[in-house]
Ligand code: PGA
């Protein structure tokens, strides 16, 4: 089955509301590509304005995090219903920065995954190993655990619509992209894990991105790999270069 590519920008903690609008307006014509799903994952405070700024294009707006409760006394958190009402279609869950700095566990990520599906928000679930784990030869063991726990109680029909982002931690923001072969190997391993947990049809449908210092020069070869269905792009998504990445062919 030919999977549609999905290329998402992860703006992280960058861009004030007015800066976010300016960037969205600048990128809008540059990221036009009807063959690819294009998503801007932006800080929560920028979501409403960016959604307005990209109207009339096929760009989708995503969030960078979400809480797993419906509403109530959770000071500082953002609920799934708030995101949906603001026009959000995707949410990044379990990014390594959230796991490292905010203590998110695989169990937290799983609760968020289930909530996202309940609200018809497509999760972009992140996984990836540290350099130490790679050197110890436990990359796939670690990632399989992240994926298996993250997808606990997720149905096959839901999993088919999900996105997994493989992001080796040592490649994020370091300018050190995994080699194409390394990225393809792990993405194929993730797909095999989904086939084990579910079935071949689910593994065939789910989209797996590579992330970690993706740029206009590395995107074409990465995205041409059989198990890499696009990218999650940090630094280069804040620049005109993102247009080149989206139009990588
Ligand atoms: P990077 O970030 O492209 O700046 O390495 C990727 C990410 O963390 O999603």
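Cβ atoms here come from the backbone N, Cα and C positions, even for glycine.
Checking the candidates 56, 173, 189 against TrEMBL: the one annotated together with 10, 11, 12, 213, 234, 235 at the substrate site is 173. Each of the recorded positions 12, 167, 173, 213 was scored by the number of other CB atoms within 10 Å of its CB, and the largest score is that of 167.
Spacing of residue 10 (substrate binding site) relative to residue 95 (active site, electrophile) is 10 Å (Cα to Cα, whole number). Following the DSSP three-state reduction, the secondary structure of residue 10 (substrate binding site) is strand.
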